[in-house]
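Trainee: Feature table excerpt (Swiss-Prot):
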{"type": "BINDING", "residues": "Q964, D967, D970, D972", "note": "Ca(2+) binding site"}
{"type": "INTRAMEM", "residues": "300-322", "note": "intramembrane segment"}
{"type": "REGION", "residues": "520-540", "note": "region 'Segment S7'"}
{"type": "REGION", "residues": "578-598", "note": "region 'Segment S8'"}
{"type": "REGION", "residues": "797-817", "note": "region 'Segment S9'"}
{"type": "REGION", "residues": "984-1004", "note": "region 'Segment S10'"}
{"type": "MOTIF", "residues": "316-319", "note": "motif 'Selectivity for potassium'"}
{"type": "MOTIF", "residues": "955-977", "note": "motif 'Calcium bowl'"}
{"type": "TOPO_DOM", "residues": "1-44", "note": "topological domain 'Extracellular'"}
{"type": "TOPO_DOM", "residues": "66-139", "note": "topological domain 'Cytoplasmic'"}
{"type": "TOPO_DOM", "residues": "162-178", "note": "topological domain 'Extracellular'"}
{"type": "TOPO_DOM", "residues": "200-203", "note": "topological domain 'Cytoplasmic'"}
{"type": "TOPO_DOM", "residues": "225-228", "note": "topological domain 'Extracellular'"}
{"type": "TOPO_DOM", "residues": "250-264", "note": "topological domain 'Cytoplasmic'"}
{"type": "TOPO_DOM", "residues": "286-299", "note": "topological domain 'Extracellular'"}
{"type": "TOPO_DOM", "residues": "323-331", "note": "topological domain 'Extracellular'"}
{"type": "TOPO_DOM", "residues": "353-1140", "note": "topological domain 'Cytoplasmic'"}
Amino acid sequence: MGEIYSPSQSKGFNQPYGYPMNCNLSRVFMEMTEEDRKCLEERKYWCFLLSSITTFCASMILVVIWRVVTHLCCQRREKEFVEPIPAPEAVQINMNGSKHAPSETDPFLKQQEEKHLGWMTEAKDWAGELISGQSLTGRFLVLLVFILSIGSLIIYFYDASFQNFQVETCIPWQDSPSQQIDLGFNIFFLVYFFIRFIAASDKVWFLLEMYSWIDFFTIPPSFVAIYLQRNWLGFRFLRALRLMTVPDILQYLNILKTSSSIRLTQLVTIFVAVCLTGAGLVHLLENSGDFFKGFINPHRITYADSVYFVLVTMSTVGYGDIYCTTLCGRLFMIFFILFGLAMFASYVPEIADLIGNRQKYGGEYKGEHGKKHIVVCGHITYDSVSHFLQDFLHEDRDDVDVEVVFLHRVVPDLELEGLFKRHFTKVEFFTGTVMDSLDLSRVKIGDADACLVLANKYSTNPDAEDAANIMRVISIKNYSSDIRVIVQLMQYHNKAYLLNIPSWDWKRGDDVICLAELKLGFIAQSCLAPGFSTMMANLFAMRSFKTSQTTPDWLNLYLCGAGMEMYTDTLSHSFVGMTFPEAVDLLFNRLGLLLLAIELKDEENKECNIAINPGPHIVIQPQTQGFFIAQSADEVKRAFFWCKQCHDDIKDVSLIKKCKCKNLALFRRNTKHSTAARARATDVLQQFQPQAPAGPMGHLGQQVQLRMINQQSSTSDTHLNTKSLRFAYEIKKLMPSSGGRRNSMSIPPDGRGVDFSKDFEQQFQDMKYDSTGMFHWCPSRNLEDCVLERHQAAMTVLNGHVVVCLFADQDSPLIGLRNFIMPLRSSNFHYHELKHVVIVGDLEYLRKEWKTLYNLPKISILNGSPLSRADLRAVNINLCDMCVIISARVPNTEDTTLADKEAILASLNIKAMQFDDTLGFFPMRHQTGDRSPLGSPISMQKKGAKFGTNVPMITELVNDSNVQFLDQDDDDDPDTELYLTQPFACGTAFAISVLDSLMSTTYFNDSALTLIRTLVTGGATPELELILAEGAGLRGGYSTPETLSNRDRCRIAQISLQDNPYDGVVHNTTYGAMFTIALRRYGQLCIGLYRLHDQDNPDSMKRYVITNPPAELRIKNTDYVYVLEQFDPGLEYEPGKRHF
């Protein structure tokens, strides 16, 4: 150890250094000057310290005295001006009825109160407004105080870090620029202190605040330094505590907006402020020495080393290279460690956690210039995200240059995080919620191309899930009304709430995917054409097809169709002037594309309508948008590039690319002669009419004209026969009323010229349609009138009907059975073609659903159990056209494999049943005429299934993996994807998960969802959506030409080739030849086959779906053909027969 200086030594400090030389020196300092030694002989630190303590004590005493005097004066004033209780006769009643006692002291009291409250209140309000962060002046003042505090702290750092610094210096004030600047800062701090003092409601607590102590220990010493002509380093380091106001200042400036950023800033500033303050006190105590020893043991240490020492000590590392040697310093460190260790252990991990999370999923989205992005929110899990990304980023999509931004409040788990990392070039994730506008701004929702809201399909409370998604849409639309929103909803009746959002606009691209509506619609269409649900599900899902020689033939054919998708593109100029069948034939046979529909532009209403297989009366116009079925988007480009001049002789369709010839004149010529093409289309239509029952509304007008002639020829007879009455009734429906269009059921249209009896009106009561003409309608019926007992059902001749096995109880949420029944009641079917629907389930649950079903005809209910074989036999399940197994119960969330236990048990129960070898007959048509290709609705006798395995059935599943339990004889791997399993390929199973692909399909092509909804729902229109949104259900209306014209629309059908429906089509005919014959002669558009799985087993009824087979495929006489056919107005209802 070096020598220690003591007062007994020479006065001139004989030591070469003013302090001892030892191993704990932090650095080498310059030799003290003679002036520094003389200055330190007589220390004046106590003057600076005493000024701070005196200022505080004086301020506190003055505040206490003021409070005591004010309290005494108030008590005395209250005693002097106590109002005497007035006598009863002195009490007066004023005009408003209240009582008061007149007193001469009233004005004086009021004046005293105003004086007392006047200047004090005004001064307090003025000071409070001046320092408030709500005003611009207050924000500026707070920011200025912080800047000057940091400036004062920087001056302290300079003074404490100077090489030959001393705790006390005798430099005169006028010779020290740092003291002069610091004094100016302290004058401003003094003014700010008085403003805060005036604004404080409690003066005592104000004096005890931390920032007040900072002012007490920094402002008075700067004035004392002028008087003493010396400076003391003192407690100026306390200005570092002003750093804790940084979060408030940044919030005033709207820089900090999220709770995590605010908390992170608070933790960092508190930690830094405490470290700097503690280091300042260690620096002061060590460099001063112990005061009770006469400051003979100072420890020279710089401020930077003090900060290092404090951090190392707080972290409990303690290297020992620097330590405290003075007793005061050690005592301080004992207490500082207790506080600092607790703060270090709690603050540092939280800071690290906030910084780590912020770096991962915080911040803002920074997209590339010119690159689109979408925001996906709602139910974000591994399953929902993986299904979405698998379809959205599929390789078959044409140049998907869109980034996907996921926004969710929960940090992704490891599985989901790994999925994001695999798609890191296309996907980003941010923590937050769309309910917060700050989070919406972080993901740049205003610049996004669309926002997609996903729903939890397995939610135990569907209505609550829909309400949450609707609130998300409201928040998004409130932030940016122009953003396109695509939202998933569980229940159909919740769609109405979206219409209440002012900025919700279907024309702008906003759309809702109702899972219950589409799920039940798919199942309903499978009742009309078994397997159609599988075909449509494969069409809007992106799947790749790869052939393999080891794969069975049936699976290759199925996978070839499963790889097909629905695309849209513009037809080239070479198609302009062609009729729709001509364009379809050319595209299929020459280009290998299947054209399903086109977009028709309504110039008057400036709207576009989708026409599905519209028939030969529609002519292709320039820039017509087509809806295609193809393997990829590149294949669809052939329709856009095809040129008759350049590509007419090309056999290899892969060579059809953009040609270099200039066809502008040809394009104009095609446009010019579009009128001539329409005339040619009329000739083609007349050529098609004798053979094809389907036709446009012009055909229907011809039928009406013939009926009017028949009616005129029969009016001379006194008694009308039944056929004449039927013709007259059709005339009554078609003729417009004198008062215009009427849809009200309360006022019958007049002016018909024919008198009908009440019995006749009652007889045709069940033939009415709803007000839009899109669905069959009947007057509301009581539930009890449609309930069948078991013995009643057994005695009823049920054949060709639909049996719905519904698992539900009284507390089950509504699934919207109307969405299942309405497609089966579409008006493009005649009344006698409607399949009777028998629901087997709980009556109390159906009572809740009945208010949406009582206007739909041909519905019966059997109050029983779908697992009861007696109930199933009573409804003739062996003679039904389709058995549907669905469940309304809340799925099991603990074990997903048990979610479908009832549906699986019901399916296996039916398959294990055996039936008598009975025959069921459909009503035979007595009129002669050509046989319709539809076959079954006109003339067919159906043999009942002898075994339950032959009963046509479709089962709804919640969990995809449970499909392995439906077929016990298949060889599907339990890990096989749903679309690769036999039950799904055969159309006997349907899961709601297949609808996940609709989100990306709708985003890339907003018209695709309209096309799918039109095919699936039977023709739901926006007008009908508004009617149902009112909550009153379907409304009936009298038939008018406008409403009846809505019947003329396309429908799905399944035709058996065993009935030889097409002339010239026999066994082993190519599919392409059958396609052309069906299209040209019958106006039917073939879209697929339903083929037997085992051709060698005559007892096997299992079939699989082939979507859009290749033209060279050979058909078999056992195949069923999926066709899109037009409405046939020639099939009329015969009142003399009963139909189910």
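Cβ coordinates come from backbone N, Cα and C, glycine included.
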Trainee: Give the number of CB atoms, excluding that of D967 (Ca(2+) binding site) itself, located within 10 Å of its CB.
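Mentor: Taking all protein chains shown, D967 (Ca(2+) binding site) has 20 Cβ neighbours within 10 Å.
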Trainee: When secondary structure is assigned with DSSP, how many helix, strand and coil residues does the region 'Segment S8' (578-598) contain?
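Mentor: In the region 'Segment S8' (578-598), the DSSP-based counts are 12 helix, 6 strand, 3 coil.
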Trainee: Looking at 578-598, 797-817, 984-1004, which one has the highest count of Cβ pairs under 8 angstroms to the region 'Segment S7' (520-540)?
Mentor: 984-1004
Trainee: Looking only at Cβ atoms, how many others are within 10 Å of the one on Q964 (Ca(2+) binding site)?
Mentor: 18
Trainee: Excluding the flanking five residues on each side, which residues at least 6 beyond the ends of the topological domain 'Extracellular' (225-228) place their CB within less than 8 Å of a CB in that stretch?
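Mentor: Residues 44, 47-48, 173, 179, 183 contact the topological domain 'Extracellular' (225-228) from elsewhere in the chain.
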Trainee: Apart from its near flanks, which chain residues at least 6 from the ends of the topological domain 'Cytoplasmic' (250-264) lie with a Cβ under 8 angstroms of it?
Mentor: 133, 139, 142-143, 350-351, 354-355, 357-358, 362, 432, 438-439
Trainee: Do you know the DSSP helix, strand and coil residue counts for the region 'Segment S10' (984-1004)?
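Mentor: Computed counts for the region 'Segment S10' (984-1004) are 15 helix, 3 strand, 3 coil.
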